[in-house]
Amino acid sequence: MATSAMDIETPETLVPNQNGNSKTKPIKTRNWLLILINCALVSCGSIGGPLLMRLYYLHGGNRKWFSSFIASAGFPILIFPLMFHFFRSESSTDKIWSCFWLEHKLFLRGVILGILYGLVTFMYALGLSYIPVSTSSLLMATQLCFIAFFSWLIVKQKFTAFIINAVVVMTLGSVLLGINTNGDRPVGVTKSQYLLGFLLTLAAAALAGLIMPLIELSFSKAINNLTYSSLLQFQFILSLSSTIVCVIGMLANKDFQAIPREANDFELGKARYYIIMVVTAIVWQLSGVGTVGVIFYTSALFNGILGSVLIPLTGVAAVIFYHESFTGLKGMALALCLWGFCSYFYGEYKMTKKVIVKVENEPKRLLGDQEEP
């Protein structure tokens with residue numbers, strides 16, 4: 001059964017040694033350096049990705065499949081850290097197996113999840129073309145609700161009253177965004193297009209909320225011990241599969257013929273068009289690597305919490321760079337989301353505190369049992 005994202009690692013049970021004395025095995029600790037690095041990568045994508053995609057749409061871009069393609073097409077950059085790991089490896093016999101070979105079942109799961117992720121990126125890209133970044137970011141906040149539910153259903157994540165409160169409050173926040181469809185509609189977007197963007201973004205959040213626990217389940221089902229190289233390989237396969245889905249969509253939509261024309265007509269210039277696309281692909285890929293790392297070293301639920309915490313920063317950045325409106329209803333929705341975050345963190349704090357107390361009392365209890373005749 002999966003532990004809560006913020007729980008400390010439980011120690012081994014006190015056991016008597018050969019002399020009859022009890023000793024406690026050391027508590028396992030998390031690799032906080034890798035956790036912080038992956039959290040930074042997720043932050044880079046959560047804030048930079050939507051802003052760069054919006055920049056593409058604001059200045060003449062309108063290819064939806066191409067936008068979703070960019071969200072996963074940066075996977076070739078993962079070859080560089082894999083090669084670095086290959087040359088740093090001390091064992092010559094196991095280099096290829098450890099750096100460039102993923103076990104079959106994990107490979108297959110990566111392909112399936114990549115196909116699903118391709119659908120998520122398309123729905124998100126299409127939705128973002130009709131709604132502002134700030135509204136899209138707040139809608140994606142509901143991803144936490146879906147991650148919490150599917151984590152409880154798939155990986156048996158503890159579903160406390162605090163998580164239930166967060167789910168309810170954040171759902172109400174997303175409903176508030178749909179009450180008024182006129183206040184923040186971009187210029188040239190109709191009511192029906194705004195509603196379509198609203199629903200597609202919400203559906204993308206739900207499907208992404210399903211994918212995260214499935215990734216956690218895939219890691220837990222792995223036969224061999226996973227290393228960071230394994231995570232990079234998994235992300236490579238996932239992104240490659242997603243990219244293939246998007247390429248099929250681009251072929252059907254004749255995007256490859258339209259891209260040169262779109263680049264020539266781009267308001268910021270042809271060179272900046274391609275620069276923005278390359279930078280966006282890299283930013284999204286770094287975010288994907290961070291997401292896989294956060295899930296592996298903590299849990300899918302913690303990754304959802306992290307993404308939700310970054311949403312206010314994304315909204316603020318959209319207001320600063322794109323001068324998007326921040327209406328009263330949107331502010332109320334944001335407040336409800338923040339309330340849900342606080343509820344979750346308070347619940348995790350109380351759970352962690354109980355674990356610490358239990359750990360401190362465990363030696364006394366076991367020593368007391370040994371004194372009984």
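Just so you know, glycine gets a Cβ as well, placed from its N, Cα and C.
Curation plays no part in TrEMBL annotations; they are all automatic predictions.
So that you can see what the record holds, here are the features copied from TrEMBL:
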REGION    1-22  region 'Disordered'
TRANSMEM  32-53  transmembrane segment
TRANSMEM  65-86  transmembrane segment
TRANSMEM  106-131  transmembrane segment
TRANSMEM  137-155  transmembrane segment
TRANSMEM  162-182  transmembrane segment
TRANSMEM  194-219  transmembrane segment
TRANSMEM  231-253  transmembrane segment
TRANSMEM  273-297  transmembrane segment
TRANSMEM  304-322  transmembrane segment
TRANSMEM  328-346  transmembrane segment
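Under the criterion of 3 or more C-beta pairs below 8 Å, with sequence separation of 6 or more, the transmembrane segment (137-155) and the transmembrane segment (273-297) do not qualify as touching, having fewer than 3 such pairs. For the transmembrane segment (304-322), the list of distant contacts is 5, 39, 42-43, 46-47, 50-51, 54, 58, 132-134, 137-138, 140-141, 143-144, 147-148, 170, 209, 212, 294, 330, 334, 337-338, 340-341, 344-345: same-chain residues at least six beyond its ends, Cβ to Cβ under 8 Å. Between the transmembrane segment (194-219) and the listed ranges 32-53, 65-86, 106-131, 231-253, 273-297, the one holding the most Cβ pairs under 8 Å is 106-131. Residues of the same chain lying 6 or more positions beyond the ends of the transmembrane segment (65-86) and with a Cβ under 8 Å from any Cβ of it are 49, 53, 56-57, 95-96, 98-100, 114, 117-118, 121-122, 124-125, 128-129, 228-229, 232-233, 235-236, 238-240, 242-243, 246-247, 249-250, 252-253, 255, 259, 277, 280-286, 288-289.
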